[in-house]
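Structure first, then comments.
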Amino acid sequence: MQAKDSSPPDGGYGWVVVVSAFMVMGLTAAVLKTFGLFFVEIQQHFDELASTTSWITSVTIAMFHLGAPVASSLCVRYTHRAVVITGGLLAFSGMALGFLGLNMVWMYATTGFLQGLGISFSWTPAISIVSHYFSKKRALANAIASAGECAFAFTFGPFFQWLISQYGWKGALLIIGGIQLNICVCGVLMRPLASTCLLEASHSETETPPGNGASRIDKEDKSAITHKTFNWMLVRQPEFVLYAIFGILAAMSFFVPPLFLVPLSYSLGIDESWTASLLSILAMVDFAGRLLCGWYANLHVTKPVHLLTMTITLISTSLMLLPLANNYLSLAIFTGFYGFFFGTTVAVHITVLADVVGMPDFDSALGLFMLIRSTGGFVGPPLAGKL
C-alpha cells in the first residue's frame, strides 16, 4: 500500500494524465491568452470604451487566481478528477451564456466570472495531479503539461480569427465553449491515485490482525493519504513565504514584457507585419524552453531549486539588456532570449514548489501560491505602464 503513494508510478498511466493536463492547459490558459481577439468586436457591438471592454479579461484573470485556493481545497476534499470536470462545465457555461451578449455586465458575469472560475477549477487540479503521479520525472512531466499553453496559443490565434470571420464573435464564443467541454473528457482520464491507495489500505486493515505492527503502519499511511483539510498554516512556514515572495516579484516583472513588446516595436519604426512575427517567435521559443528545461531537469544533474535560480538570473539579464534593442533583428534576438528563459522558469517552478512544501501539502500550497502571486500580476502591468 505504501508504495502506491510514497513512490508515484513515474510513468505508465501517468503519461495519460500528462497528455490530459497538456490539453487542459491549452483549453484554459491559451484561450485566456488569445481572448484579446474578441475585444474590438465586443467593443464595437456594445459601443463601449476599450477600457470598459478590457474589464472582461481583468475579471477572468482575477477569478483564475482567486479561485485557486477554492479549487485546491476541493481537490483535497474530493478528487482532482471531479474538480477538473466541474471546471470544464463552468468554462463551457461562461462561453455559451456569453453567446447571448445581453450587455457588458452580462459579459463580465459570463465570459469574465464563470469563464475565469472554470479556468481556475481546471488549471489548478490538472497541474497538481501531474506532480502526484511523478517523482523522479516530475520536472519533465510538468514541463510537457505546461507546454500545452504555448502549443494551443500558437494555433488558436488564426483559428479564433477564422471563427469570428465566419460565425461572428457570438457564434465563435459558442463554438469555443463547445471545444472547452473536452476539459471534462480530460478530467475523466485523470484517475485519482488516492482512491486506489485508500482501497488497498482498507483491504490491508481487514486482513491484518488487530494489534499487529503492520496494521498500525497502514493506518498511519492512510491518514497521510487522506489529508482531508486545506493547510492554511503554510503561510507560517518561512520556506513557503520566501517562495511566495518570489512568485509576487516574478508576476510583477516576468509577465509584463509581452504587453509592451508590440508598442516597443512600433516606437522603433518596425513594420506591423514584422511586429506580429515577434509574438510567434516568443511562443515558439517559450515552447522549446519548457521542453528542454524539463528534459534537463529530468537528468538530475542540477537540483530544481538551483536550476530555477539560474533561469531567473538569465531571464532577468535578458530583460535588462532588452532596452538596447534598436532594430528588428536585435529586438527579435532579445525576444528569443526572454521567451526561452521564461519557458524554462515556468517549466521548473511548480516542481520546486513541490520540493519546498512536500507532496502532502502540495495542493494547499499551489492554491495559496496562486492567490499570493496574483498581487504581483495585478500590480505589475499598471506600474510598468506608469514607468
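Positions of Cβ are set from backbone N, Cα and C atoms, glycine also.
TrEMBL labels come from automatic prediction, so no person has curated them.
As annotated by TrEMBL, domain 'Major facilitator superfamily (MFS) profile' applies to 14-387.
If you look at the transmembrane segment (12-35), the same-chain residues 6 or more away from its ends with a CB under 8 A from one of its CBs are 56-57, 60-61, 64, 84, 87, 91, 111, 118-119, 122-123, 126-127, 129-130, 133-134, 141, 144-153, 156-157, 160, 176, 179-180, 182-183, 186-187, 189-191. Annotation comment: TrEMBL describes 12-35 (among others) as transmembrane segment.
The feature transmembrane segment is assigned by TrEMBL to 55-76 (among others). Away from its own ends, the transmembrane segment (55-76) comes close to residues 32, 35-36, 42, 82-83, 86-87, 107-108, 111-113, 115-117, 119-121, 123-125, 128, 227-230, 363-364, 366-371, 373-374, 377-378 of its chain (Cβ-Cβ under 8 Å, at least six residues beyond either end).
Feature annotation from TrEMBL assigns transmembrane segment to 83-106 (among others).
TrEMBL lists 112-133 (among others) with the feature transmembrane segment.
Per TrEMBL, transmembrane segment is recorded for 140-160 (among others).
Proximity of distant same-chain residues to the transmembrane segment (172-190), defined by a Cβ-Cβ separation under 8 Å and at least 6 residues beyond the stretch ends, is recorded for 16-17, 20-21, 23-24, 27-28, 31, 38, 80-85, 87-89, 91-96, 98-99, 111, 118, 122, 125-126, 129, 160, 163-164. Look at TrEMBL and you will find 172-190 (among others) tagged as transmembrane segment.
The transmembrane segment annotation in TrEMBL covers 240-262 (among others).
Cβ atoms under 8 Å from those of the transmembrane segment (274-293) belong to residues 139, 143-144, 146-147, 150-151, 153-154, 258, 261-262, 265-266, 307, 311, 328, 331-332, 335-336, 338-344, 346-348 of the same chain, restricted to positions at least 6 beyond its ends. Residues or ranges marked as transmembrane segment by TrEMBL: 274-293 (among others).
The transmembrane segment annotation in TrEMBL covers 305-325 (among others).
Outside the transmembrane segment (331-353) by six or more residues, the chain places 127, 131, 138-139, 142-143, 146-147, 150, 243, 250, 254, 257, 261, 264-265, 268, 270, 277-278, 281-294, 297, 304-305, 307-308, 311-312, 314-315, 318-319, 321-322, 324-325, 362, 365-366, 369 with a CB less than 8 A from a CB of the stretch. Under the heading transmembrane segment, TrEMBL lists 331-353 (among others).
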When counting Cβ pairs under 8 Å to the transmembrane segment (240-262), the leader among 83-106, 112-133, 140-160, 305-325: 305-325
Recorded stretch, among 112-133, 140-160, 305-325, maximising Cβ pairs under 8 Å relative to the transmembrane segment (83-106): 112-133
The transmembrane segment (140-160) and the transmembrane segment (305-325) contact flag, 3+ Cβ pairs under 8 angstroms: no
